[in-house]
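According to TrEMBL, the feature transmembrane segment maps to 22-42, 54-87, 99-120, 141-164, 184-212, 224-247, 253-271.
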Amino acid sequence: MVSLLDFFADITNPSLPFLPRAIMVAMLAAVVCGIVGVHVVLRGMAFIGDCVSHAVFPGIALAFLFGGSLLLGGAIAGIAVAVLVAMFAAKQQIKEDSLIGMLMAAAFAVGVVIVSRVNGYTAQLSTFLFGSITGVSTVDVLVVAATAVAVIVVCVVMHHWFVVVAVDRESARSLGVPVAFVDVVLYVVVAIAVVVSVQTVGNILVLALLITPAATARLVSNSVAAMLVIAPVIGAVGSFFGVYFAWSIDVPTGAAIVLSLTAVFFLVWLVGPRGLIGRRLVRFQPWRRRQQSAAA
């Protein structure tokens, strides 16, 4: 297994230029997903993240087939499905979970059909499903960085409305908040976060990058402001160590990142201040103080 010191040496090795780029893309994607994921977790809408992750597949496949931008193709497909879900949800014609399930399966099926038309599609399908960041270019890093900045700006501008709608949709509507518009913006932001993350962890595992850091942050604090800081930090750190483990023991990068984030989640769940062991330690403190007082 490669030590951390050796890993840092590899990062600075000029003959391995893809490694620092891979780390930058992975950490940027994790920061974006961490921030967006907080709003997804607050709304209890993890299923929409799964839907969008499948919805971007046909767009990415079409872009690959015609030699276009994978990011642009995925974004168009993801945003289209996100807007469609928001429109149907606003009109209440079909239950949101039913619509999401239907569109998720249909979009993924379309993507598989498109990819199957490409020679050697099995390898390409594997790349789409599980991610591949070893071929990340400098342009990819710049595009992901610019997209990350744009998503963060939108989340900052829309933060108040996102939280108000998450707390109580009906009260928000009665206060004049454009709930349907807020839904569309959030769905679009989720779609963009998913698209910039697909190259890192793949289509199947991207939901974990969106949800796990935010869920971990929720274990640490109920404060939305704190969660918006904790989640991207957890995501970035988990992604860094995911790339390290992938490089060290030669496993798929996406899977290593997801497992690193999951390990952090369970660690916080066990020993965090609100975790399984942490809560018992907190309860133990008053008893210990009483015992010390009695002994004195």
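Glycine is treated like the rest: Cβ placed from N, Cα and C.
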Candidates 54-87, 99-120, 141-164; stretch with most C-beta pairs under 8 Å toward the transmembrane segment (184-212): 54-87
Top partner of the transmembrane segment (141-164) among 22-42, 99-120, 224-247 - counted as Cβ pairs under 8 Å: 22-42
For the transmembrane segment (224-247): best-contacting stretch of 22-42, 54-87, 99-120, by Cβ pairs under 8 Å: 22-42
Long-range neighbours of the transmembrane segment (54-87), counting only residues six or more past its ends (CB under 8 A): 48, 96, 99-100, 103-105, 107-108, 110-112, 114-115, 117-118, 124, 128, 143-144, 147, 180, 183-184, 187-188, 190-192, 194-196, 198-199, 203
